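**Student:** Here it is, the structure in full.
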Amino acid sequence: MHVKKYLLKCLHRLQKGPGYTYKELLVWYCDNTNTHGPKRIIREGPKKKAMWFLITLLFASLVCWQWGVFIKTYLSWEVSVSLSMGFKAMDFPAVTICNASPFRYSKVRHLLKDLDELMEAVLARILAPESSQANATAAMNLSMWNYTPLVLIDERDPHHPVVLDLFANDPTGSASSSPGPRGACNAQGCKVAMRLCSLNGTSCTFRNFSSATQAVTEWYALQATNIFSQVPQRELVELGYSAERLILACLFGAEPCSYRNFTSIFYPDYGNCYVFNWGMTEKALPSANPGTEFGLKLILDIGQEDYVPFLASTAGVRLMLHEQRSYPFIREEGVDAMSGTETSIGVLVDKLQRKGEPYSPCTVNGSDVPVQNLYGSYNTTYSIQACLHSCFQTQMIASCQCGHYLYPLPRGQEYCNSRDFPDWAPCYLALRMSEAERETCIRMCKESCNDTQYKMTISMADWPSEASEDWIFHVLSQERDQSTNVTLSRKGVVKLNIYFQEFNYRTIEESAANNIVWLLSNLGGQFGFWMGGSVLCLIEFAEIIIDFVWITIIKLVALAKGLRQRQAQARYAGPPPTVAELVEAHTNFGFQPDVGHRSPDAEAYPDEQALPIPGTPPPNYDSLRLQPLDVVESDSEGDAV
């Protein structure tokens with residue numbers, strides 16, 4: 001009951017409002033606020049009132065402008081970077097090594113036979129066009145040539161370039177005049193390009209190169225990709241270099257190791273790659289001390305005599321240092337070690353800690369990245385390279401209806417090949433050169449919030465020396481082939497030393513440059529400096545704003561009620577009837593004579609007199625009219641307040 005009465009009083013209080021006019025409320029605020037300035041506006045003379053009004057308005061505007069600047073700075077989510085140094089024993093990084101040649105030529109020769117013959121003919125046409133013009137091409141398989149041929153572009157006349165097909169007798173071009181003889185087209189006047197045409201030949205584009213070496217290398221790699229994409233991966237593994245053949249000697253610190261301590265993965269660019277200390281099934285190995293003697297030492301046999309001649313133009317190994325349980329993107333982040341040398345790699349560790357949203361667009365584990373991670377089957381941690389490759393493969397499948405051989409496939413998709421997807425090569429090259437598609441993937445992918453980078457200092461020296469070359473190769477050949485004959489040479493071996501330069505590591509950490517404490521401090525400082533205000537002054541200002549809105553709502557409600565009442569009164573001509581008139585209007589008319597409807601027998605009684613109707617006039621009920629509810633409540637409200 002008390003709660004109901006209290007709520008009813010609150011409702012009446014809301015209906016009545018503050019009880020002030022706008023002017024009275026404003027004067028009350030200026031007289032009672034703790035903010036400097038408004039009191040002088042109402043207490044001084046006319047001139048000083050105007051002066052203090054302008055000063056107060058100026059400083060209030062200045063405070064609002066400063067507040068806007070600080071809030072905008074805070075919402076820009078700027079970060080500050082701190083660098084700290086630490087010293088502790090650290091886990092040795094994972095080391096991935098790959099041979100520069102993905103396959104052994106002796107095992108893939110049958111797959112590349114047609115391509116190699118075509119490549120030799122192409123080189124002959126480019127290097128000696130006159131002597132090779134008469135060579136027959138009927139014996140060669142030109143099916144792969146028809147999809148993406150190499151052409152010569154004669155640019156001696158810049159306004160009328162001529163396109164010359166290497167295996168066609170008649171040149172085709174944009175010039176109306178006949179071009180000069182093929183022999184006259186030298187390296188300065190002609191450029192080798194790759195012609196990319198759709199299946200029906202309606203649209204063609206040319207991929208130009210500044211050197212014929214670049215042109216034939218990329219063309220051969222594109223055709224080799226088309227061939228290897230049709231071979232199952234388990235067979236491709238057998239075509240590459242085995243760990244037992246590649247790794248001749250291994251030593252980690254003072255403990256010997258072997259190829260059995262490496263985990264094998266297949267990387268399409270480099271074939272079989274091997275990871276040391278990956279940490280997938282075993283605990284990461286720690287490094288006892290910095291220095292060469294406490295690192296990883298490897299002697300590798302790259303087997304350069306069995307390289308694919310047109311596919312691998314670099315002799316050596318490709319290696320990469322990375323975190324445990326992370327996938328090695330060795331093509332993008334690896335370094336090369338040259339054969340016939342001892343390569344020493346000193347390692348420094350940088351740990352990156354990004355702040356995260358909204359300060360830095362990073363992700364903890366990739367769960368908030370809208371790209372399917374195609375490397376999830378390897379059970380590795382998230383990386384931006386995995387996201388970029390997965391994004392490109394998704395775009396490749398959407399645009400070309402097939403996936404590229406270099407990247408993992410989503411379930412239910414197929415790798416591209418010219419037999420099933422004749423248009424895949426032009427589609428792939430157009431997608432790879434599309435800046436819009438690259439920007440799309442960059443926007444969708446995020447950096448990892450916590451990352452470890454290994455900075456390498458690389459030095460090289462000839463190995464072995466001429467004085468020790470004979471006995472070292474004898475020992476290594478004996479250990480590998482159990483033969484007294486020397487089967488190794490300087491051009492086929494690589495020695496690696498990987499070690500920590502020092503146990504000092506750097507931590508690069510992001511922190512918020514402007515936090516909420518900074519924002520409140522600056523907002524309060526500006527308000528207090530220019531107007532002598534505080535948080536309570538803001539509450540006072542909010543109170544008067546609420547009262548202004550309250551009064552405005554009450555006035556609008558009263559105005560709406562008045563309009564409805566005037567509309568209702570307009571229906572009647574006179575004033576509204578009183579209670580007595582309403583009661584008299586409902587008097588029983590049964591005792592009144594029926595003057596309008598006289599009986600036909602009325603003339604039979606001419607002397608009949610109309611008798612008076614007895615009755616008592618009704619009381620004056622206007623004197624008992626109740627007062628309006630708001631009048632009664634206003635009296636009681638005064639007592640309550």
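Including glycine, each Cβ sits where the backbone N, Cα and C put it.
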**Student:** Between Cys391, Cys416, work out which one Swiss-Prot annotates as bonded to Cys402 by a disulfide.
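**Tutor:** When Swiss-Prot is consulted, Cys402 turns out to be bridged to Cys416.
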**Student:** Of the residues Asn99, Asn146, Asn379, give the one that Swiss-Prot describes as N-linked glycosylation site.
**Tutor:** Asn379
**Student:** Of the candidates Cys64, Cys98, Cys445, Cys449, which does Swiss-Prot name as forming a disulfide with Cys273?
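**Tutor:** Swiss-Prot lists the disulfide between Cys273 and Cys98.
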**Student:** Name the cysteine that pairs with Cys449 in a disulphide bond per Swiss-Prot, restricting the answer to Cys362, Cys387, Cys391.
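**Tutor:** Its disulfide partner, as Swiss-Prot records it, is Cys362.
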**Student:** Return the single candidate from Cys190, Cys197 listed in Swiss-Prot as disulfide-linked to Cys204.
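**Tutor:** Record-based pairing for Cys204: Cys197.
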**Student:** From Asn135, Asn261, name the one Swiss-Prot lists as N-linked glycosylation site.
**Tutor:** Asn261
**Student:** Identify the motif 'PY motif' range according to Swiss-Prot, selecting from 342-346, 482-486, 617-621.
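**Tutor:** Here Swiss-Prot associates motif 'PY motif' with the stretch 617-621.
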**Student:** Spatially, and counting Cα to Cα, which of the disulfide-bonded residues is closest to Cys416 (disulfide bond)? Options: Cys197, Cys257, Cys362, Cys400.
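**Tutor:** Closest candidate to Cys416 (disulfide bond), judged by Cα separation, is Cys400.
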**Student:** What is the total of other Cβ atoms whose distance to the Cβ of Cys441 (disulfide bond) is within 10 Å?
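**Tutor:** For Cys441 (disulfide bond), the 10 Å Cβ neighbour count is 18.
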**Student:** For Cys250 (disulfide bond), what residues in its own chain, 6 or more apart in sequence, show a Cβ-Cβ distance under 8 Å?
**Tutor:** Pro256, Cys257, Ser258, Tyr259, Asn261, Leu296, Lys297, Leu298, Ile299
**Student:** Reduce the DSSP letter at Asn261 (N-linked glycosylation site) to three states and note it down.
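**Tutor:** DSSP call for Asn261 (N-linked glycosylation site): helix.
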**Student:** For each of the disulfide-bonded residues (Cys98, Cys190, Cys257, Cys362), count the other CB atoms lying within 10 A of its CB, then report the residue with the highest count.
**Tutor:** Cys98
**Student:** Report the nearest neighbour of Cys445 (disulfide bond) in space among the disulfide-bonded residues Cys204, Cys391, Cys402, Cys427, comparing Cα positions.
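**Tutor:** When the Cα distances are compared, Cys391 comes out closest.
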**Student:** For Asn379 (N-linked glycosylation site), which of the listed disulfide-bonded residues (Cys197, Cys400, Cys441) have their CA atom within 10 A of its CA?
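**Tutor:** Matched disulfide-bonded residues: none.
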**Student:** I'd like to know the mean pLDDT over the motif 'PY motif' (617-621).
**Tutor:** 57
**Student:** Among the disulfide-bonded residues listed here (Cys204, Cys391, Cys427, Cys441), which has the Cα closest to the Cα of Cys98 (disulfide bond)?
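**Tutor:** Closest recorded candidate to Cys98 (disulfide bond) by Cα: Cys391.
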